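One structure is given here, and the rest of the page talks about it.
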Amino acid sequence: MSKKLKIQKQNIRNIMRNYRKQLTENDLLVYSNNLTKIVLKSALVHRASKIGIFWSFDKEIDTKILINELFLNNKEIYLPVIAKKHIHKLIFVRYYPNTFLKKNHFNIYEPLINRKEIITLEELDILFVPLVAYDPYGYRLGMGGGFYDNILQNSKKTFFTIGLGYDFQCIKQIPVEPWDIPLQHIISITK
């Protein structure tokens, strides 16, 4: 990646994360509840049985609300866990409302690994993907760790990818590399 592109991406991250920091707890709750209602109306979600989804942090859309509703709708929920032996790799572990979660080194909650509860990416129907910014073409900018980029580039694409974001996170165009892969759908309140 060129130095210019790195700087552009980092500038966008800084601006968007600053916008998120300005959200009040009430803003976050209202937006997350409204977005959950939109997601639950999706035909894709109705047809899905196994859903991978991130546990929100840093004032991302509060996925805990959505996770609870999906669970109540008899969906199998899988949360990402950073694989200790592989750089930039996530594995997905089944989540239940009573699952013990611990903070990883990025301060994000994740379940403990239970080998019996691991699912392969190819078994997922939907993967909800976090984002810092996105564009109308489905390209996203994450936190910069490359975890979800690795999934998007190396999976067999048997699951549907959906980004969850705020309206203000939509920008005209995300700076992309030739290997970047857009999400199939992004859900916000107005988009």
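Heads up, the Cβ atoms here are built off N, Cα and C, so glycines get one too.
Curation does not apply to TrEMBL; its annotations are automatic.
Features as listed in TrEMBL:
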type: BINDING; residues: K9, Q10, N11, I12, R13, R140, L141, G142, M143, G144, G145, G146, F147, Y148; note: ATP binding site
type: BINDING; residues: E60; note: substrate binding site
L141 (ATP binding site) falls, by three-state DSSP, under strand
K9 (ATP binding site) -> DSSP, reduced to three states, gives helix
In Å, rounded, how far does the Cα of R13 (ATP binding site) sit from the Cα of E60 (substrate binding site)? 13
Counting other Cβ atoms within 10 Å of each residue's Cβ, which of the binding-site residues R13, E60, M143, G145, F147 comes out lowest? G145
With an 8 Å cut-off on Cβ-Cβ distance and a minimum sequence separation of at least 6, pull the same-chain contacts of K9 (ATP binding site), or say none. L141, G144, P175
Near the Cβ of L141 (ATP binding site), how many other Cβ atoms are there if near means within 10 Å? 23
How long is the line from the C-alpha of N11 (ATP binding site) to the C-alpha of E60 (substrate binding site), rounded to the nearest angstrom? 18
Roughly how many Å separate the Cα of G145 (ATP binding site) from that of the residue listed as 'substrate binding site', to the nearest whole number? 16
Integer Cα-Cα distance in angstrom, M143 (ATP binding site) to the residue listed as 'substrate binding site': 11
How long is the line from the C-alpha of F147 (ATP binding site) to the C-alpha of E60 (substrate binding site), rounded to the nearest angstrom? 17
